[in-house]
Amino acid sequence: MNPFWSMSTSSVRKRSEGEEKTLTGDVKTSPPRTAPKKQLPSIPKNALPITKPTSPAPAAQSTNGTHASYGPFYLEYSLLAEFTLVVKQKLPGVYVQPSYRSALMWFGVIFIRHGLYQDGVFKFTVYIPDNYPDGDCPRLVFDIPVFHPLVDPTSGELDVKRAFAKWRRNHNHIWQVLMYARRVFYKIDTASPLNPEAAVLYEKDIQLFKSKVVDSVKVCTARLFDQPKIEDPYAISFSPWNPSVHDEAREKMLTQKKPEEQHNKSVHVAGLSWVKPGSVQPFSKEEKTVAT
């Protein structure tokens with residue numbers, strides 16, 4: 001007999017006997033086993049303690065409501081859009097140029113062609129808040145204080161808040177401030193003036209007011225060639241007429257043809273014309289009769 005099978009049969013017999021004892025209630029309990037004590041591995045000497053990762057701090061927000069990470073780009077885009085609007089408006093007699101050092105500062109000049117301030121050339125600077133367009137309205141300060149009811153006689157600042165008490169984004173624009181600065185020289189307003197003397201003279205003694213306006217225009221014209229108050233490569237400056245420089249530039253401006261006119265002349269229109277040259281009446285050409 002195979003010893004393996006003999007061992008298996010004996011073990012079966014022993015197992016059956018143990019089961020019978022269990023059924024009869026004679027149960028022997030085995031002593032509890034003592035589990036070995038668990039120990040953590042030792043920590044290396046140069047190891048850093050493991051700390052819980054901190055949650056990322058919320059992105060800081062700038063005063064204009066945009067995230068600080070892209071706030072400067074948003075401001076730059078807004079100012080670029082504003083300057084594009086100024087160019088498209090083509091404000092008569094008003095020229096502006098953003099500063100080289102800061103997009104929040106624009107240099108400008110206003111030419112007055114008729115009215116009480118005729119022949120006036122007034123240079124100014126526009127200061128834009130750093131939280132534009134959610135802050136206050138831009139400030140406009142003339143380089144030389146102009147004698148005007150709405151211009152501070154000391155600082156030269158124009159009362160812009162009169163027209164823009166609360167600056168509304170997407171509704172108010174910088175070109176409107178420039179248009180307002182031009183309009184105040186053609187339509188005089190004396191209510192709540194920054195220069196009370198100018199307001200009183202305009203209401204009580206218009207001749208004396210005109211005399212002081214003429215003097216103010218002469219002062220601005222005499223100091224037109226002064227160096228800009230703010231040192232900046234893009235600051236607007238004037239120089240006396242130089243024929244070797246300005247004659248050529250003037251000739252180019254006067255002889256420059258519009259692109260539309262050049263395009264119309266280059267396009268050849270084929271077909272018959274029934275309009276006599278120099279006439280706008282159709283069928284004005286005289287028909288030539290052939291003698292038979």
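Just so it is clear, glycine is given a Cβ too, placed from its N, Cα and C backbone atoms.
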- Message: Can you tell me which of these residues Swiss-Prot lists as phosphoserine: Ser30, Ser192?
- Response: Ser30
- Note on the structure: Taking DSSP H, G, I as helix and E, B as strand, the domain 'UBC core' (74-222) contains 52 helix, 26 strand, 71 coil
